[in-house]
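A quick write-up on the structure given underneath.
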Amino acid sequence: MVYSDKMEEVSVSGSSDGQEVYGTYWETLRDAPSGHNYHVAGRNIRNNAGDGTRTSAANHSVTPVSRYYSVEDFRSSDDCGLSTDGGQHEHDYVRRRYFYGQLSDAMRRSIWWSLLGSLVYEMTKSYHMIAMTRAAFNASLIFGSLFADVIAESQTMSKLLSITVVVRACILLILVPASYCMLSISLQWTNLFMLVLTMLMAIDGCQEAIANTSDLIYKGIDRLSHQYDMMITEETHAKMSNAYQIVFDLSFTFLIIPLAILAYILKLVVDMSDLSIISILMGSVFLILTIYSLCNYYFGMSLSPSFDSFLTSDMLEISAASLFEEILNKADDIMEGMRVSCSQGYLMKRIIFLAMETAFEHTIVSLAIPIIALTTPWISEKGLINSNILSVLFIAVGKLGGSLYTQYVAYTGRAAVRHSTGITTVPNNIQKYLILSCASLLLLPLSLYMDEVFPSLSYTPIALMALGIFLFFAFSSYPKSVLASSIHIAILSHPLSYKIFDFVGFFITFLDMFVLLAMSFFMHKIEGKYSVEGTTFSITLFYALHCLYQLGNGIGCTEGGSNSGIIQSQPMVWPGSL
């Protein structure tokens, strides 16, 4: 999409307390689908109370602390702060270092997603802890997001990213192994170790919330452009985001699977436990990627940011009172965003659908797949490394299916824009893919009966499970892409868009945590223990109920105006997204 350069202020309204004044402006999107011009509303805030504002050196717009907006800050070459070729070169260097560090972070994140469930079970011998540690992470992610922006505003991106990278590495590579060796192995205090592990995962979630403020797929590009007064075009932003997502998705196939196979080879030649081999191997790769990210952030982004990118001098010091006030303000924003979303029924329907789809995807990857791999008898009997190979294989197959179809949807969307044919969200289309996703999951429980039909083919159930996971992620990517784009556009059209975005991020993360815990409870209750049969049945049943509800509810596809059907090439991503 190409945005017009012209903005026209059409209305001004005050908040109830008289401290914030909202200036609403409209931008026209040229080259929109079907030859139409779509108008996207944004907002500038001028804080009359005089506290904690920042001023852009490019266009002198004033925004209060921790307020980020969905409408980009478009700059021309004359006012982007690049006065010399040397300045352009320095900005390009900083942007590249930031980008390379983010790609390294994407690979580290794939290791975290692939291994956490299996390692948590092996250390605690409790399937409940897989869900509990993830729930603690999500709860802390929600809490940390309430004050993460104000912390990020007072730090340079280089310092912020460097600190979060180091802290997360210390948690995962030092504190978790040390507490396991000391509490669980030496002292045999398993319950205390479980408590400590849950607390460490909560701290990790808080670090993730802070890091998200500068993450490429969240607010990182806008913050980078603002802090260093550099011009980053929409095309460059899209390329960086697409590259990040591709590297993340492919890391499951071309990084995690080879490492899992290497761990199996090491098992044959060294006399060590499976847990030790996986921890040392994966930890070493995680450490290398951490060092690479740290070098890019700390040394590569050392160029002094623009002075105007920081808060006023009286707000640079963060106190407990200011953090508490920020938490209350952010909570108010979330509540206001919820009220606005609920007042527009079609929007809330789409948000619920997207949140449920995201929650099921995360639950399958972080809970269902590890439990299936760990409870499949003839696999789990051979040890953690064999179960880990099956787990990462299933995750990689799923991510590959979702990635391929997402790229296909993005390609067809761009082609439609080029040819002015347009793409609309047809309710029957989404319903069709929803049914196909549900049918794909049916292959999971059905595959367990293949041993009786083909007793000589022991790998047939695994092949059918892999096929079901591949098809599920592929088919479910279309509805999520369409609904995410329509939600994005619908929210942009509201003057309180940033509050709605805050609510959507909170709601998706909270529902993710709720579904994860509910699924874990139900999986155990079916047979009184965790099993591959109970896990596959539970995930299929819950998703079928979700499909029935959404098909009966209508998802809100036919409501809310023409923007409900536009597919963006770069879908939205929310905190904690896979």
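From the backbone N, Cα and C atoms, a Cβ is placed for every residue, glycine too.
Note: TrEMBL annotation is automatic and uncurated.
Residues or ranges marked as transmembrane segment by TrEMBL: 127-148 (among others).
The transmembrane segment feature in TrEMBL is assigned to 160-180 (among others).
Packing against the transmembrane segment (246-265) from elsewhere in the chain are residues 103, 106-107, 109-111, 113-115, 274, 277-278, 281-282, 285, 385-386, 388-389, 392-393, 395-396, 399-400, 402-403, 407: each is 6 or more residues past its ends and has a CB under 8 Å from a CB in it. Per TrEMBL, the feature transmembrane segment maps to 246-265 (among others).
With a cut-off of 8 Å between Cβ atoms, the residues of this chain six or more beyond the transmembrane segment (277-299) that come close are 97-98, 100-101, 104-105, 107-108, 111, 115, 118-119, 157-158, 161-162, 165-166, 168-169, 172-173, 177, 255, 259, 262-263, 266-267, 270, 384-385, 388. According to TrEMBL, the feature transmembrane segment maps to 277-299 (among others).
Residues annotated as transmembrane segment in TrEMBL: 359-379 (among others). Sequence-remote contacts of a segment are chain residues at least 6 beyond its ends whose Cβ falls under 8 Å from one of its Cβ atoms, and for the transmembrane segment (359-379) they are 113, 116-118, 121, 127, 130-131, 134, 386-388, 390-391, 394-395, 398, 402, 444, 458, 462, 465, 469, 472-473, 476, 508, 511-512, 514-516, 519-520, 523, 530-532, 535-536, 538-539, 542-543, 546, 576, 578.
Taken from TrEMBL, the feature transmembrane segment covers 391-412 (among others).
Annotation source TrEMBL lists transmembrane segment at 433-450 (among others).
The transmembrane segment annotation in TrEMBL covers 456-475 (among others).
Per TrEMBL, transmembrane segment is recorded for 504-523 (among others). Taking Cβ pairs closer than 8 Å, the transmembrane segment (504-523) reaches residues 127-128, 130-131, 134-135, 138-139, 141-142, 145, 334, 337-338, 341, 351, 354-356, 358-360, 362-363, 366-368, 371, 487, 491, 530, 534-535, 538-539, 542, 574-577 in its own chain, all 6 or more past its ends.
Residues 361, 364, 369, 372, 376, 378, 390, 393-394, 397-402, 404-405, 433, 436-437, 440-444, 446-448, 450, 536 of the same chain lie 6+ residues outside the transmembrane segment (456-475) yet bring a C-beta within less than 8 angstroms of a C-beta in it. Non-local neighbours of the transmembrane segment (391-412) in the same chain are 113-115, 117-118, 242, 245-246, 249-250, 252-253, 256-257, 260, 361, 364-365, 369-370, 372-374, 423, 465-466, 469-478, 481-482, 567, 569-571; each lies 6+ residues outside the stretch with a CB under 8 Å from one of its CB atoms.
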